[in-house]
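**Student:** Here's the feature list from Swiss-Prot:
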BINDING   PHE23, ALA57, TYR58, GLU59, ALA81, ILE82, ILE83, PHE114  5-amino-6-(D-ribitylamino)uracil binding site
BINDING   SER86, THR87, ARG128  (2S)-2-hydroxy-3-oxobutyl phosphate binding site
ACT_SITE  HIS89  active site, proton donor
Amino acid sequence: MNTIEGKLTLTGKEKIAIINARFNHIITDRLVEGAKDAFMRHGGDEKNLSLILVPGAYEIPFALDLAIKSSKFDAICCVGAIIRGSTPHFDYVAAETAKGIAQTTLKYGIPVSFGVLTTENIEQAIERAGSKAGNKGFEAMSSVIEMLNLYKNLKA
């Protein structure tokens, strides 16, 4: 059987954007640092890494659509933190953000990763932004690098 997969390496020429939702910035700043760390560790050139800031997670799909249409990026890593409160707002924002990112990814067919935390409380978010559960920003960037290389392999 022939196995096709993407490697977890960059040549230094790939242009990748991180779209970061500023809301809950104490968490999302750590996700961005994790994503940047993964980009650099896997061979990225910092001049080819861009940070796109949006107010909150709900705005990520729109910024993603604009970033892809700009043709400036080979892949995009989306990060944010949606933390449940006492109203149903969490459910709507989490669902629409996930759906919007997925639809935009499929619409344009370029590698995009989903590093948006959806947690029950701030403690869970902190755990996933660099403490007990690792850094989901690092994981999201690693995923998009692997998918970018898979995309190149399958497109060739």
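Using N, Cα and C of the backbone, Cβ positions are placed for all residues, glycine too.
Here the structure is a predicted model, which means the values were calculated and not measured.
If you look at the structure here, what lies around each of the features I listed?
**Tutor:** Around PHE23 (5-amino-6-(D-ribitylamino)uracil binding site), the same-chain residues at least 6 positions away in sequence with a Cβ under 8 Å from its Cβ are PRO55, GLY56, ALA57, GLY80, ALA81.
Around SER86 ((2S)-2-hydroxy-3-oxobutyl phosphate binding site), no same-chain residue six or more apart in sequence has its CB under 8 Å from its CB.
Neighbour list (HIS89 (active site, proton donor), Cβ cut-off 8 Å, at least 6 residues apart, same chain): empty.
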**Student:** Reduced to three states, what secondary structure does DSSP give ILE82 (5-amino-6-(D-ribitylamino)uracil binding site)?
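**Tutor:** The three-state answer is strand.
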**Student:** Look up GLU59 (5-amino-6-(D-ribitylamino)uracil binding site) in the DSSP assignment and reduce it to helix, strand or coil.
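**Tutor:** Helix, per DSSP.
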**Student:** Return the member of TYR58, GLU59, PHE114 nearest to THR87 ((2S)-2-hydroxy-3-oxobutyl phosphate binding site) in space, with distance defined Cα to Cα and candidates limited to these binding-site residues.
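**Tutor:** Among TYR58, GLU59, PHE114, TYR58.
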